[in-house]
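Data first, discussion second: the structure below is written as structure tokens.
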Amino acid sequence: MIKLFNSLTNKKEPFVPIEEGKVKMYCCGPTVYNYIHIGNARPPIVYDMVRRYLTYRGYDVTFVSNFTDVDDKIIRAANELGEEVAAVAERFIKAYYADTCALNVKEADLHPRVTETMDDIIAFIADLEKKGFAYEAGGDVYFRTRKFNGYGKLSGQALDDLQSGARIEVDERKEDPLDFVLWKAAKPNEISWSSPWGEGRPGWHIECSAMIKKSLGDTIDIHAGGKDLTFPHHENEIAQSEALTGKKLANYWMHNGFVNINNEKMSKSLGNFVLAHDIIQQYSPEVVRFFMLTAHYRTPINFSDELLKGAEAGLERLKNTVANLQHRLAETADMGAEEEWLEKIAGAKQRFIEEMDDDFNSANAISVLFDLAKEANIYMSEAQTSKKVLNAFLELFAEFGEVLGVSFTQQEEELLDAEIEALIEERNVARKERNFARADEIRDLLKEKNIVLEDTPQGVRWKRGS
């Protein structure tokens, strides 16, 4: 049974969906005013992995992730660029798709946008007002925080301990400093929508509540996002939604850890960020994804060239093992199954599932992958091998790769087996003709491609280096 760490209860719990066999999952998406940095890329990667694993375990997952396409930051960016808000948002939505697609993140089943959900947001606020949870003041609408019993249950903060200021917006029009905005009155020359309270636009927190309700209903199974969203964003989502419906917003809350540079959170505000589209030019996107999954999703992960190079080398070892399995399969005679090895492979699959069942522990699951590669290399060192065993290894690597969203097969730019064989044959001919310069040239070329040649009495054998 899958167990996941529920931020709401601060403990691991067995995962029991609302409807058997089905999962409704929402992940807070980006505010589209700039390109995403590597820290922004972690939530899409880790929750894509969670989604893939739930699917692997037989669940029918409906995955929703939003775009905040109107916001103070987008308006500011549009003014600086001399463009319309919609044009800026659209450009960075396309950039987000490009980056996440490169990182092999599957598209959400739904990608709602704030600007396309405006009627639902306004209706949501109006219903809160009718129930006495919201009030209008000077064209703005605020949520009565103290009226909601249970505020602070996600972040573990008591109302009396919260101080106005810092992360609480201070406004003399509020009945209470802890009240937060649901609707903002329009400012001159700023994009706005008509509402019962006049021209304006929604506050950040209400947007997700309305989009969840519209796309997934009153209560969902899993709500996910970065740790930094726990308070006030997710806390306020709970207050708004549960005040309106009287039902739990989400049964399970998941929060991923930060990506740090020099042990400090990467963020645009601190200026210590690396853009995703820059780093995937320097390293392959699957190396970046693999790197992200080498740490448990709840722990912080330090970002550095050294660690990325380590992930790159590790992924290359796994790919070479798979390539050697494929090569060995092509030259292996069909033999009977070897039960001992098939049992070892089945055991690896069981360990992988156990690790992933334990709060989606991709770090430990990847350790199982390296153990599997070690066993595969030991098996391939034997004089005789079985097609059934080799296929079992390959099938399991493919299964694990689908869950992690990382392919362990060779890329197109790598030499194909047939190309290697052709070069070896050309080298053999060159040696027979005593053209040793050409023979050495081919050996060096293969070495550059990480192909190791071994001259034996039976002829030349080759393998991909580890």
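Just so it is clear, glycine is given a Cβ too, placed from its N, Cα and C backbone atoms.
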Completion exercise
In Swiss-Prot, of the candidate ranges 30-40, 151-161, 294-304, 316-326, the one given as motif ''HIGH' region' runs 30-40
Problem - Which listed span Swiss-Prot calls motif ''KMSKS' region', if the choices are 200-204, 230-234, 265-269, 385-389 - result: 265-269
Practice task
Note the mean pLDDT of the motif ''HIGH' region' (30-40), expressed as a whole number.
Solution key: 95
Completion exercise
Within 8 Å of the Cβ centroid of CYS28, CYS208, HIS233, GLU237, the other same-chain residues by Cβ around the recorded Zn(2+) site are TRP204, HIS205, GLU207, SER209, HIS223, GLY225, LEU229, HIS234, ASN236
Handout entry: Integer Cα-Cα distance in angstrom, CYS208 (Zn(2+) binding site) to LYS268 (ATP binding site)
Key = 22
Handout entry: Three-state composition of the motif ''KMSKS' region' (265-269), taking helix and strand from DSSP
Key = 0 helix, 1 strand, 4 coil
Practice task
Please name the residue among the binding-site residues CYS28, CYS208 whose C-beta has the most neighbouring C-beta atoms within 10 angstroms.
Solution key: CYS208
Practice task
Inside 10 Å of the Cβ of SER269 (phosphoserine), count up the other Cβ atoms and send me the figure.
Solution key: 7
Fill in the blank from the handout: Rounded Cα distance in angstrom between SER269 (phosphoserine) and HIS233 (Zn(2+) binding site) is 18
